[in-house]
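Visitor: After the structure tokens below, expect a handful of questions from me.
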């Protein structure tokens with residue numbers, strides 16, 4: 001199972017799909033499925049540390065998820081608060097840094113306080129960065145970044161006719177401190193990006209697995225990394241130069 005550190009993806013993004021289907025197949029509630037999904041996050045963090053991964057982004061709640069039933073939304077955020085309260089000391093002790101990507105609008109003060117506390121407590125940690133994409137949508141992120149560029153140019157009196165460069169936009173993305181996504185994993189068999197890290201995943205390898213998120217474990221992660229090793233990344237060029 002040995003992977004060369006230089007061959008490992010520097011940033012893995014995960015669309016954690018299948019909690020509801022996992023629960024339905026077992027006659028359980030969707031809330032119980034989300035709880036099992038949180039245990040899979042624990043396993044992923046443990047495996048990532050063991051394997052020497054550096055950055056993980058998790059699609060925890062999208063801007064479109066507000067369309068779900070209110071009780072399910074409430075249970076997801078209650079679970080998030082519980083996750084932070086019960087795991088944060090261990091996360092911090094293991095050198096994991098917490099990052100948040102997503103709009104703060106519509107999030108309750110209680111949720112924001114927990115997120116901010118976790119970010120502040122772990123901000124100096126360097127072993128692994130876990131980016132929770134909460135109330136996140138890529139189109140929303142890109143619109144926000146474009147608006148920030150407009151406002152900055154207006155403040156600085158920079159001509160709007162000046163061509164926009166990628167770095168000028170990227171510094172206003174939620175992920176400005178993270179490298180581009182190298183490997184994007186989606187569980188539960190669906191094969192779409194669902195408005196997740198579209199800019200950051202421009203050259204990512206896309207790995208789709210039928211495994212439901214609550215069943216995702218270290219072996220599942222290793223399988224994705226073995227598959228990643230077989231890929232030839234050309235970034236728009238030719239395979240041999």
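Glycine is no exception: its Cβ is also placed from the backbone N, Cα and C atoms.
Values in this document were obtained by computation on a predicted structure and should not be read as measured data.
Found this in TrEMBL, in case it helps:
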- 17: active site (ACT_SITE)
- 17, 205: Mg(2+) binding site (BINDING)
- 18-22, 30, 34, 62-64, 66, 68, 186, 192-194: substrate binding site (BINDING)
- 65: active site, proton acceptor (ACT_SITE)
Visitor: Using only C-alpha positions, which one of 17, 65, 205 is spatially nearest residue 186 (substrate binding site)? These are the recorded positions in the record.
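Guide: Result for residue 186 (substrate binding site): the nearest of the recorded positions is 17.
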Visitor: Which Cβ among the binding-site residues (22, 66) has the fewest C-beta neighbours inside 10 Å?
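Guide: Checked 22, 66; of these binding-site residues, fewest Cβ neighbours within 10 Å: 66.
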Visitor: Using all protein chains shown, find which of the binding-site residues 18, 20 scores highest when you count other CB atoms within 10 A of its CB.
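Guide: Of the binding-site residues 18, 20, the highest Cβ count within 10 Å belongs to 18.
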Visitor: How long is the line from the C-alpha of residue 65 (active site, proton acceptor) to the C-alpha of residue 17 (active site), rounded to the nearest angstrom?
Guide: 12
Visitor: Are there any residues at least 6 positions away along the chain from residue 193 (substrate binding site) with a Cβ closer than 8 Å to its Cβ? List them or say none.
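Guide: Result: 15, 184, 186, 201, 206.
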Visitor: When DSSP is mapped onto helix/strand/coil, what comes out for residue 22 (substrate binding site)?
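Guide: It is helical.
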